[in-house]
Amino acid sequence: SGPWMCYPGQAFQVPALPACRPLLRLQCNGSQVPEAVLRDCCQQLAHISEWCRCGALYSMLDSMYKEHGAQEGQAGTGAFPRCRREVVKLTAASITAVCRLPIVVDASGDGAYVCKDVAAYPDA
């Protein structure tokens, strides 16, 4: 297994991580996240291979923006009312850390907790 196995629809369902969407919407503007919301999101993420968790989070963020009419390179704020875009990206990138789920950041197998590619999402 490796990052090349992380195809959307195979490594994770599409749309990705539906249980993590409410978590992201709440967390990005500093709202309290109910325990059940956190648990559901972390459970969903835990079912995805550690190679593919960042890809799934990236796919989730991407689809949340695109559903609200954002094109590549221009962010729609409709997906995340009252949230700054850079906060949205960092919040999404940190969901693995919030859930304490390791990720594989590169082929050397180094484990980490924050998805750098998600934090660098190009729409913002």
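The backbone N, Cα and C atoms fix where each Cβ goes, glycine too.
As recorded in Swiss-Prot, the features of this protein are as follows:
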type	residues	note
DISULFID	CYS6-CYS52	disulfide bond
DISULFID	CYS20-CYS41	disulfide bond
DISULFID	CYS28-CYS83	disulfide bond
DISULFID	CYS42-CYS99	disulfide bond
DISULFID	CYS54-CYS115	disulfide bond
### Message
Using a 10 Å radius around each Cβ and all protein chains in view, which of these disulfide-bonded residues has the most neighbours: CYS28, CYS99, CYS115?
### Response
CYS115
### Task
Between the Cα atoms of CYS20 (disulfide bond) and CYS42 (disulfide bond), find the distance and write it as a whole number of Å.
8
### Query
Where CYS42 (disulfide bond) and CYS54 (disulfide bond) are concerned, what is their Cα separation in Å, rounded?
13
### Query
Just how many other Cβ atoms lie inside 10 Å of the Cβ on CYS54 (disulfide bond)?
26
### Task
Could you tell me which three-state DSSP class CYS6 (disulfide bond) falls into?
coil
### Task
Find the shortest Cα-Cα separation between CYS115 (disulfide bond) and the disulfide-bonded residues CYS6, CYS41, CYS52, CYS99, and name the residue that gives it.
CYS52
### Query
What residues, ordered by sequence, lie under 8 A Cβ-to-Cβ from CYS6 (disulfide bond) and sit at least six positions away in the same chain?
PHE12, SER49, TRP51, CYS52, GLY55, ALA56
#### Entry: Residue from CYS54, CYS83, CYS99 whose C-alpha is spatially nearest that of CYS41 (disulfide bond), among the disulfide-bonded residues
CYS99
